[in-house]
């Protein structure tokens, strides 16, 4: 079956009717699909008979200094990816379709949305939760799949679903990496060859940290790699590297027991990248 493209609510209702009975999985995206997105779609197919992919560059999650206007938009290529992966429906609404001009209500991400990534991007996670809840309400999937690369986003979405009793199962998909370790991202296309070499320091720092066992040593090992990368040409511009609780995103110390998450964000040139790894 060809991919059904739905641009508004009415089209979406018709598309779901055309799909027929069976479990439905949603893969929310902002487009510019790559192998990482393909892995999300394939995982979704393991949990449902039908897969819907949303393609919407959400203006609410971009701050004044973010790259909304630069974010890649490759709709025709994205449709080809969806067709190749057996997606049933692509929901691609406009901003006008998603948001009323006089909208007044949004979702708050609470304390979790103000720390780590949220401290550098105020309001970002409020925008994420608002659009995700709207997509879940509109598509009404049985399951929704999100990438572990955006670990804080995934944790906050899970908390929203639990707190608001949203009837959907949230599935986290492992981060997909290039052979040299760079985490796949739609923004990678902006990196020059030299910038890409510098960008490898993120995954190298995570690997160095993961080789340690004590939280303070985990963080020290990662910081050593990243500090060295600040002296490269072009240099790494570090926003943060933190060792946090994977549920709350509060920092952990040597008294912590259980799993932790090593998270990092940095700019290389004009491209901002994030990455993370679990520390058992």
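Using N, Cα and C of the backbone, Cβ positions are placed for all residues, glycine too.
Feature annotations, reproduced from TrEMBL:
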- 37: active site, proton donor (ACT_SITE)
- 30-37, 147-150, 176, 184-187: ATP binding site (BINDING)
- 61, 153: (R)-pantoate binding site (BINDING)
- 61: beta-alanine binding site (BINDING)
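Annotated features taken from TrEMBL, shown on the structure.
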{"residue": "30", "record": "ATP binding site", "DSSP (3 states)": "coil"}
{"residue": "36", "record": "ATP binding site", "DSSP (3 states)": "helix"}
{"residue": "61", "record": "(R)-pantoate binding site", "DSSP (3 states)": "helix"}
{"residue": "148", "record": "ATP binding site", "DSSP (3 states)": "helix"}
{"residue": "153", "record": "(R)-pantoate binding site", "DSSP (3 states)": "helix"}
{"residue": "176", "record": "ATP binding site", "DSSP (3 states)": "coil"}
{"residue": "186", "record": "ATP binding site", "DSSP (3 states)": "helix"}
Taking Cα-Cα distance, which of the recorded positions 37, 61, 153 are within 10 Å of residue 176 (ATP binding site)?
37
So among the binding-site residues 30, 33, who's got the most Cβ atoms within 10 Å?
33
